[in-house]
Amino acid sequence: MKNMVQRFLKYVTIDTKSDHESESFPSTKSQFDLAKLLVEELKALGLEDAVMDENCYVMATLPSNCNTDKTIPTIGFIAHMDTSPDMSGKDVKPQMVENYDGQDIVLNQEKNIILSPTDFPDLKNYVGKTLITTDGTTLLGADNKAGIAEIISALEYLVQNPEVQHGTIKVAFTPDEEVGHGADRFDVEKFGADFAYTIDGGEIGELEYENFNAAGVKILVHGRNIHPGTAKNRMVNSMEIAMELHAMLPENQKPQYTEGYEGFFLLTGIRGDVEETKCGYIIRDHCKNKFEEKKSLIKNAVDFLNGKYGEGTINLTVTDNYFNMKEKIEPVMHIVETARTAMEEVGVTPIIKPIRGGTDGARLSFMGLPCPNIFTGGHNFHGKYEYICVESMYKATEVILKIIELYSK
């Protein structure tokens with residue numbers, strides 16, 4: 001496991017930012033650069049079947065070394081290669097902060113960018129630890145390159161210590177998770193695991209098997225542009241209708257006012273003029289009934305405004321993206337309980353809470369591969385304040401190894 005940090009630092013220098021607007025798969029060609037490197041590393045470890053397919057999915061197998069009549073499940077571990085489109089992942093310059101003293105960390109002196117425990121109180125949990133931060137100009141990429149490094153380090157340990165008994169282990173690294181397409185072309189049958197874990201969580205101890213139900217909404221508002229000097233009773237301003245629609249959504253159901261199991265509507269983009277306005281929303285809720293109610297609410301608002309301004313004034317498209325994996329995990333709760341036990345046995349306190357987002361595992365669970373989520377040790381994903389604790393990374397690898405051990409007994 002001693003090579004874990006070096007691996008991680010190498011991975012984050014490869015720009016794998018995905019792209020919401022791209023129509024190709026994967027959405028950016030640069031993801032192939034990391035995928036090719038990972039195949040080389042896996043083969044160097046002796047995983048001879050390591051392969052990258054035409055869609056940029058990397059898969060590999062560590063065969064069982066157990067001599068037993070007991071049926072040992074085939075376990076998968078999964079992480080994604082892309083980084084968020086929300087901020088640049090190019091020319092990442094990670095900074096090491098050893099023996100953190102609990103004070104402000106200057107990420108970028110020239111731009112006065114400070115990582116402060118005043119703004120991010122979780123930093124206080126890492127006094128005396130080693131942190132890896134950004135230089136304030138990019139994200140870090142711990143989401144999810146830390147997960148990749150932790151999985152490969154676990155494989156390296158097993159290869160270098162053949163006396164450690166283990167069943168068949170499958171690993172996969174996926175593209176385009178950050179733009180919601182990580183599971184689109186994932187071949188569950190080819191992967192061949194009985195169940196899996198995504199190593200894609202945040203702070204040390206996170207163990208998650210509930211996530212949002214998610215939908216995307218596209219709104220197109222048609223107006224009528226008339227010279228403002230002669231516009232009386234004739235002009236229809238599409239931007240104002242879009243504003244009216246937005247005002248009909250519950251004010252208290254926005255991300256900035258919600259937490260825990262509370263769902264929300266989020267206006268993700270708006271662009272327009274008098275003649276035409278386009279809006280994008282996302283809808284999220286853990287509860288399936290409340291999720292459906294939210295979709296109905298926005299549909300009813302559109303119907304009302306079409307009645308007010310004329311049929312066809314607003315075009316609405318609602319697309320379900322993924323669903324809460326809880327219903328697929330509960331029948332096989334032993335995979336959560338084993339992960340909980342593994343954490344406790346390596347000295348990590350489990351933090352079981354709902355994901356306020358989604359993972360590849362959410363969709364994979366509905367594709368026949370139950371797949372809860374385990375921490376990486378990172379914080380503040382998707383932005384310049386992202387950081388990760390090295391000691392937490394080692395613990396993540398220990399948890400992976402302990403899960404493997406518990407299932408091989």
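Including glycine, each Cβ sits where the backbone N, Cα and C put it.
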- [ ] Among His334, His382, indicate the single residue that Swiss-Prot lists for the Zn(2+) 2 site containing Asp143, Glu178.
- [x] His382
Open item on the list: Among Asp15, Asp19, Asp200, which residue does Swiss-Prot annotate as binding Zn(2+) 1 at the site that also has His80, Asp143?
Closed with: Asp200
- [ ] Taking the recorded Zn(2+) 1 site as His80, Asp143, Asp200, identify the other residues of that chain whose CB atom sits within 8 Å of the mean position of the site's CB atoms, giving them in sequence order.
- [x] Ala79, Asn144, Gly147, Glu177, Glu178, Thr198, Ile199, Thr359, Asp360, Thr376
Open item on the list: Cα-Cα, whole number of Å: Glu177 (active site, proton acceptor) versus Asp143 (Zn(2+) 1 binding site)?
Closed with: 10
- [ ] Write down the Cα-Cα distance for His382 (Zn(2+) 2 binding site) and Asp200 (Zn(2+) 1 binding site), rounded and given in Å.
- [x] 13
Open item on the list: Most Cβ neighbours within 10 Å: which of the binding-site residues His80, His382 is it?
Closed with: His80
- [ ] With H, G and I counted as helix, E and B as strand and the rest as coil, say where DSSP puts Asp143 (Zn(2+) 1 binding site).
- [x] helix
- [ ] Would you mind ranking the binding-site residues Glu178, Asp200 by how many other Cβ atoms sit within 10 Å of each Cβ and giving me the lowest?
- [x] Glu178
Open item on the list: As a test of the contact definition, list every same-chain residue at least 6 positions from Asp143 (Zn(2+) 1 binding site) whose Cβ is closer than 8 Å to its Cβ.
Closed with: Thr83, Ser84, Asp200, Thr376, Gly378, Phe381, His382, Glu386
